[in-house]
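Participant: Here's a structure for you.
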Amino acid sequence: MSDSKEPRLQQLGLLEEEQLRGLGFRQTRGYKSLAGCLGHGPLVLQLLSFTLLAGLLVQVSKVPSSISQEESRQDVIYQNLTQLKAAVGELSEKSKLQEIYQELTQLKAAVGELPEKSKQQEIYQELTRLKAAVGELPEKSKMQEIYQELTRLKAAVGELPEKSKMQEIYQELTRLKAAVGELPEKSKQQEIYQELTRLKAAVGELPEKSKQQEIYQELTQLKAAVGELPEKSKQQEIYQELTRLKAAVGELPEKSKQQEIYQELTQLKAAVERLCRRCPWEWTFFQGNCYFMSNSQRNWHDSITACKEVGAQLVVIKSAEEQNFLQLQSSRSNRFTWMGLSDLNEEGTWQWVDGSPLLPSFNQYWNRGEPNNVGEEDCAEFSGNGWNDDKCNLAKFWICKKSAASCSRDEEQFLSPAPATPNPPPA
């Protein structure tokens, strides 16, 4: 009985295993089910390990990609710094300044993403070199200081005597030398010339500008008188005055000596006044006539009256040489100056104050487009480098003209004082 039961139990065990295989290792109750599940544990562990390893490989594969991106970004930063260095080397051009600004903008964006300390150090070195290069440019304060120095220099140069005035003084002394050069003794001529040279140097050191101008006027008047010296006795008298002047000039440093020089010049003026003068003081001699250039302004009719009061007339131009002389005097002072020409009697017919008509050859002296009679312009003036017509009631400077005096060679004539001629009264 027992023998028949054992084969039957074996058959039941085999049947149970087949059922388990058909169900895919499905858990069932009983001891056999638990043993089957425990038998497949290593396979589950291997599956979990494979999943974890795959995740790690995916993460590792991402690291080289980010590193390569960082390296490429560092290369871009280095290239930008190289371009910036080259741009600083050519800093003088405005386009390069703009390029540097762009490079700095890019540098700012790149520095914000710097990952490695070594790149930061390299950028710091480049910035240090850039600072050194920029440091060689002139500082704004230095530029301002240079500008201030130039301003002071301009102001100092502005206080120097005008070149034209210096040239004029030199020309006056040259003419005076030529006049004195006609003295009989050659040795005396040389001595006088040397004295005038010393006098010129001494006058250049006088501190007071007003005193210099006064001495310049005295020398101008002396030139006018000496230029027409006919008598040996008068030449000797002037030579004596220059000798006295020499003694004063020789000790110029003291202020008292400067005053002494001024007194000597005053005495010299008094001596010259005893000579024959073709023109009064403050009048200018030219080709046998004397001319007075006013320092005040009047209208055209009052200018005629002012000239008549001193025995002259508002200037009438008779030659091209006279026109050139008067035009130069007017343009040099940059003044609008009346002349004795108008078309008051008949519009378009120009006449001088002495009644003579304007010659056709003189029409060339009108400025372009003149006379145009805009607003009843009937009187002529010196304007710029030519003539212009303007309203007669306007106040302007004026020029008087009269014939120069004739000098006799009689000694008594030279010893007698020249008649005093008043200047036109101020307006």
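A Cβ is built for glycine as well, from the same backbone N, Cα and C atoms used for every other residue.
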Participant: When Swiss-Prot marks a stretch as motif 'Endocytosis signal', which of 31-34, 127-130, 219-222, 239-242 is it?
Facilitator: 31-34
Participant: In Swiss-Prot, Cys392 sits in a disulfide bond; tell me which of Cys379, Cys407 is on the other end.
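Facilitator: So the cysteine paired with Cys392 in Swiss-Prot is Cys379.
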Participant: When you measure from the Cβ of Glu377 (Ca(2+) binding site), how many other Cβ atoms are you left with inside 10 Å?
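Facilitator: Taking all protein chains shown, Glu377 (Ca(2+) binding site) has 19 Cβ neighbours within 10 Å.
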Participant: I need the neighbours of the Ca(2+) site defined by Glu370, Asn372, Val374, Glu377, Asn388, Asp389. Which other residues of that chain put their C-beta within 8 angstroms of the C-beta centroid, in sequence order?
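Facilitator: Close Cβ neighbours, site residues excluded: Gly369, Pro371, Asn373, Asp390.
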Participant: Sort Val374 (Ca(2+) binding site) into helix, strand or coil using the DSSP assignment.
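Facilitator: DSSP call for Val374 (Ca(2+) binding site): coil, neither helix nor strand.
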Participant: Write down the Cα-Cα distance for Asn80 (N-linked glycosylation site) and Asn388 (Ca(2+) binding site), rounded and given in Å.
Facilitator: 69
